[in-house]
Structures are given as C-alpha cells and as structure tokens.
Amino acid sequence: MGNPLKEVELGGSKNPEKSQSNLPGTLIESAEVPLLSEPPQNGALDGSSDVNEVQKSSLTSVVSNKEFKSSSDDLKQFEEKLDSSLDSSLATNDHPDRGDDQAPLLSKQCRSDEVNGALPPSSGAAIAADDAVVYPPEVIKEMEVKYTAYVRHDVYGNWGMREICYWEKFKLLLALVALCPIRVFLLFSCLVLFYVICKLCTYRVAASSSDEGQESFAHMTGVRRTVIVRSGRFLARAMLFIFGFYYIPVSYRTSATQNLHLGLEDSEESKESEEKKSEFVRPGAIVSNHVSYLDILYHMSASFPSFVAKRSVARLPLVGLISKCLGCVYVQREYKSSDHKGVSGVVLERLQAAHNDLKAPGLLLFPEGTTTNGDHILPFKTGAFRAKTPVQPVILKYPFNRFSPAWDTISGVRHVILLLCQFVNHLEVTHLPVYRPTEKECSDPKLYANNVRTVMAAEGNFIMSDIGLYEKRIFHNALLGKPMPVAPAPEGNEMK
C-alpha cells in the first residue's frame, strides 16, 4: 500500500527513461540529425570523408526514383556510420584539445547558475530531457545543507513524499475518511458566516479607493466596525480550533532583555529607552516571523490587523470581501509597475496612521518576505521600518511530532490535507515589548531592521540565515525536477 497522497504528480517527466542521458553530469540539448535531402551541419559528422561519400550516394538515390529501392542498403550504412560518428564526437567531450563547439551543448541557464553559485559546484549539475531535469542525489544533499531553512524535518519529508510505515498510513487513511470531511465542512461554514457578516455590515457602504487600486472598508466606525472586528476575531480563533489548535499558550517578554541582546545595557541609548518605558506607545506595525498561512489566522484572532496581500486576493470569492474589511494593502508581487512608489506610500501612511490614531487599524508585516520551516529567521526587508515608527515583534513557533504546520517545501493542497488529518496541532506565541527606534535607527532603516531581527532571533532561539525567496525557488525547482529559476532583478521594493 503506497502513500495515499504520493500519487499526486509534482512535475517532471513521467517516463524515467526519457529523463536520463548517456552522459552523466551534463545537460544535453536535443541534436537534430540532418535529413538525407539536406547537407549536414558543420562538424555534425566530425569531418568523416566516408560518411560524406555515403551521403552523396544517398542524395543521388533520392533524386533517382528508379534506383530508390537499391539505395536501401546505402541508407542503412549511412545511419550506422552516422551513429558511430556521433558517438565518437560525444566521446571527445572531455578531451582537453577539443573546442567547446564540439562538446554537448550545456544549458545557458545552468551554466550561469553554476558560475553565480546558485548551484552547488559539481562535475555535473543535472541531467535533462524534454524540459525535465534530474539532479544527482549529491546535488540535492548539498542544497539541503545550503538551503536548510526550507527543509522539512517531519515524518512526511519534503513535499510530503517520504515513504511512511504502515501504521502511519493507517492513521492517515482513518483521519482522511473520518476527520478531514468534518473539519472541511466546519471551516467552510465559518468562512461563509464571516462573509455574510461582512456583506451585511458593508451594505450600502462605499469602499474607500485610491489611485493605486486600493479598496478598503477599514475606514468604517461605529457598530458596523465593532461587529466585523469582534466576529472576525472569534471566527478566526474558531477556525484555528477546528484545525486542531485547541490551546495556544501566549507569553509576554519584558523590555529588560531587549538591550541585552543588542549589547546596549550600559549605553546612553539604553538609558534613553528606559526613560520612555512608562509612556504608552502604539506600534505602527506588527512584525512577525513567517511560517505558515496559519500565521494570519492567529493574528486575526489576536488583534485583527490589516496585512499586505497580492492584488489577486481582492478578486477571490468570499476571501476578497473579507480582505477588504481587514483593510489589506494590495501589491503586485511578480511585476513592479509604475505604481510601486504609490503602494509604498500607502504602506507608510498606514504605518504612521496606526501609530498616531487609536482608531486606525494596525498593519501586520512579515519582513522575511517568505515562509521558513520555523527554525530559521531570514534577513528582514526594510519596508516595515522606513516609517520610523515603533514596531511590535511577535514570535510564532509550531512544535510538532508527526506533521509540521510550516508551509515551506510542500504544495498547498497537500499541506492542507495533512494538516486536517492531524488531530492535534501546536502553536506557541511570544509577544516582545514594543521596539522603539533610536535616532540612529530612524536614519538607517536597515540597521533598525537588523536590530529587531537580532532581538527576535535571540528570544525565539532562531538560526539566522542569509538566504531568501530566490534560493527557496532554486531548492523547490531542484526537488521538482525543473530548470533553475531566472535570477531576480535588483530589488527596488522591500515593502513586504
């Protein structure tokens, strides 16, 4: 009995024979064999005079219809000599005296990735055929060491495809039949109920819009806004309960250890921050490490903030209206158009409004820009720190025994199914004190971001990693048997 979820194809060639080549360690483009009616390409037959004579006779036989039957023997001889000449030319690939024009063609993308260090150095990075790439096991192991922030350590492994024992298969099958349908029904019911509440509360209320395509109902006040916030927090916690997060312990850290992590316990900056401790301050943003889509559900249940989302989220059924009631800021992640500065300006305005106005909704930002396996913390982008407002760091950790709730190296559908099939899930939350930037940090957003990251790494016992979203795509493509991704352009947007 195989893994019930293992039959989901993750990509790559279905025929394993087609995804291999006679040349291990190289990526060969398909070579076109010249037709008998066309002259051969330069170097295709490696300058063999015998083959040229055979081809001339073959061309003559094609023109003459009467001698066509008698040329069948010549045709067979030509094919045999052509195969032998190609084999001999390929065999000279590693000869030091040969030029690169006689070597098998290597993919330009893989060549550039190896030069830039995207692929681990090896004699052969991958073997490919028909757009499917087979990476040697040693290359995958090197990537798992280099990109360890995205490696899954649960029972199911990367992409949930690891072979499991029969007892695990039985428990998975039992939960898939008995538990998963009930949870799906309850989750969908909560989502529909909150959509209906949002629909009623926004009835005959025009959404605020801007030139950047932002639409929001977060400007509402009074009873309508109160009903949306309270029902949203309750239903978000109910959805976490349905997912199996029955109890979520929450702890609060004091500011005594904040300066200790930064080495400022005896400095003037430390004394300045101590004087401001007694003053109440409202943070401009909540900054949190990013582990899963479940992070948003927790923050909705705790403080119901706005967050940055893809522009396509606003057009989704049910979720689109809910995101507008949350007051989400929509961005186009894949394409940076002329409205880039407008979106950045919207975020900065929202951060300053949340800091100065108690009625303004808070803003949740994940400065890492992508999810990890929960053991690492990636470099922070500076978007949340350019407004020079205080921030509220929040640490989320998902302890697990069998299946990790982290959404890193696994497909969304497979992750949801395995999460629903796990009866109990765990989440631990730590709220750090509001971090107030110093004058030096206000003038240097990168320093501000690095200091907040240092404090979160120390309090959450995270491993500080220096990789990002591009390295995550490299690792995913290698596991899925896809070519290496194109290197991103220099970042101009560090908002998320």
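For all residues, glycine too, the Cβ spot is worked out from N, Cα and C.
Residues or ranges marked as compositional bias 'Polar residues' by TrEMBL: 49-64.
According to TrEMBL, the feature compositional bias 'Basic and acidic residues' maps to 66-84.
Marked as domain 'Phospholipid/glycerol acyltransferase' by TrEMBL: 284-399. Residue counts for the domain 'Phospholipid/glycerol acyltransferase' (284-399) under DSSP (helix as H, G, I; strand as E, B; rest coil) come to 42 helix, 24 strand, 50 coil.
What TrEMBL lists as region 'Disordered' is 1-104.
Sequence-distant neighbours of the transmembrane segment (172-197) (same chain, 6+ residues past either end, Cβ-Cβ under 8 Å): 3-5, 164, 227-228, 231-232, 235, 238-239, 242-243, 318-319, 321-322, 417-418, 420-423. Look at TrEMBL and you will find 172-197 (among others) tagged as transmembrane segment.
Look at TrEMBL and you will find 234-252 (among others) tagged as transmembrane segment.
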Positions whose Cβ lies under 8 angstroms from the transmembrane segment (234-252), at least six residues beyond its ends: 183, 186-187, 190-191, 193-194, 294, 297-298, 300-301, 304, 419-420, 422-431
